[in-house]
Structure formats: C-alpha cells, structure tokens
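Everything on this sheet refers to the single structure shown next.
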Amino acid sequence: MAKTYDYLFKLLLIGDSGVGKTCVLFRFSEDAFNSTFISTIGIDFKIRTIELDGKRIKLQIWDTAGQERFRTITTAYYRGAMGIMLVYDITNEKSFDNIRNWIRNIEEHASADVEKMILGNKRDVNDKRQVSKERGEKLALDYGIKFMETSAKANINVENAFFTLARDIKAKMDKKLEGNSPQGSNQGVKITPDQQKRSSFFRCVLL
C-alpha cells in the first residue's frame, strides 16, 4: 500500500574515491557498515524517509563515483540536487585539499541556492589523522557552509549530518513558500500517492 510523503529531497554525496561516501550512505540508509565496498561505478542511490517538524520527507541520496573518468557522468546529477555533502577522509590530506575543486564543480554545475555541508569522514581512525578538525572547520567557514566530522564505521554524526542538511533545505523551502516567491529549480517536490517513485536500489554500471 502506497504511503504519502510530504516532500522529496534529492541529495548528493561527492568527494574523492575512497573517502567513504558509500559507507556513509549505507550507515544512514541501512544502519550497516561494510569495509569491503568496491569503488562506486557511475551512480548509485538509496532512499530513506525521515520525519521533520511533523512532515514526512523522502530523501533520495545519490552516491557518485570519485574517479576522474566518471566526472562528466556525475556532474550531470548536480543539477536538481537540493543538498550536497562534500566528503573527505581525515587520514588523507589530498582528499581534503581537493574539496576546493569539488566546490568549484558545484559552482559550475549545481543550482546557486543548493545547500552544502562538508564532512570529514573516518573520525574513528584518529591515530592516522592528517587533517585537523580545526582545518576542516576553517575551510567550511571560508565558504560559509556547515561542517561535521563523521565515522560511518563507528556511527558518529552520520544521522546528525543528514538530518541537519534536510532541516536546512526544509527551512529554506518554507521561507520561499512564505514569501510566495516564484518557483525555482530547487523548490521542494510535494508527493501524492500516485507519484510515488520506486525506492529500489539502482546501480548504473559503465562497461
């Protein structure tokens, strides 16, 4: 029997290959952790429905490949995203340095008002840390976006990160609706029973 969802939010996970984007996604969507995931090929997505302020919000979360050869494919998914999480690995300096490049990709391909958040993942491996929390916080401050350190393995801040991003998107949408502003490309999608989309797992494999 079809359920009614009040809103559908499209979220995107981006960042270098190997930073743990897929693990973060599976921790949030399945409350599970698997250290043997292979690198994402193309695009995957998962769906989870949450409740915020008495509204049921269906989150469609897209996990993108970090490898350069998939960049053209993955940037096509930026448009229409309402929230983007930029993920780096706190034990990998290069993945942190590349966050600025990922932000440039967002500026080139995503809607101007997309909500963004930076995640410093693998917080559980503190003994191998190369990027301090303070540097992550400063980078986020430079761009005026939120920051959290997470661990998909130890289940630290993953739930909090997704709920915070969803709450920010909803607040922005509510403000637009209250102001009766013209509908933009990133307006929330209200869902009725006949418009339910499949919540099955999808993988786009490039041969």
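From the backbone N, Cα and C atoms, a Cβ is placed for every residue, glycine too.
Model, not experiment: these values are computed from the prediction.
Feature annotations, reproduced from Swiss-Prot:
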type	residues	note
BINDING	17-23, SER35, 39-40, GLY66, 121-122, ASP124, 152-153	GTP binding site
BINDING	THR22, THR40, ASP63	Mg(2+) binding site
LIPID	CYS204	S-geranylgeranyl cysteine
MOD_RES	THR72	phosphothreonine
MOD_RES	SER181	phosphoserine
MOD_RES	SER185	phosphoserine
MOD_RES	CYS204	cysteine methyl ester
MOTIF	31-45	motif 'Switch 1'
MOTIF	63-80	motif 'Switch 2'
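Residue environment of LYS122 (GTP binding site) contains 27 other Cβ atoms, counted within 10 Å of its Cβ in all protein chains. A straight line from the CA of CYS23 (GTP binding site) to the CA of ASP63 (Mg(2+) binding site) spans 10 Å. Within 10 Å of ASP63 (Mg(2+) binding site), counting C-alpha to C-alpha distances, fall the following of the binding-site residues SER17, VAL19, LYS21, LYS122, ALA152: LYS21. Following the DSSP three-state reduction, the secondary structure of ASP63 (Mg(2+) binding site) is strand. Its own atom aside, the Cβ of CYS23 (GTP binding site) has 23 Cβ atoms within 10 angstroms in the protein chains shown. Here the binding-site residues are SER17, THR22, and the one whose Cβ sees the fewest other Cβ atoms within 10 Å is SER17. A straight line from the CA of THR22 (Mg(2+) binding site) to the CA of ALA152 (GTP binding site) spans 9 Å.
Within 10 Å of the C-beta atom of ALA152 (GTP binding site) sit 27 other C-beta atoms, taking all shown protein chains into account. Within 10 Å of the C-beta of LYS21 (GTP binding site) we count 30 further C-beta atoms, all protein chains included. In the three-state DSSP assignment, the secondary structure recorded for THR22 (Mg(2+) binding site) is helix. DSSP classifies ALA152 (GTP binding site) as coil under the three-state reduction. Just so you know, the Cβ of VAL19 (GTP binding site) picks up 27 other Cβ atoms within 10 Å once every protein chain is counted.
Neighbour count (other Cβ atoms within 10 Å of the Cβ, all protein chains): 26 for ASP63 (Mg(2+) binding site).
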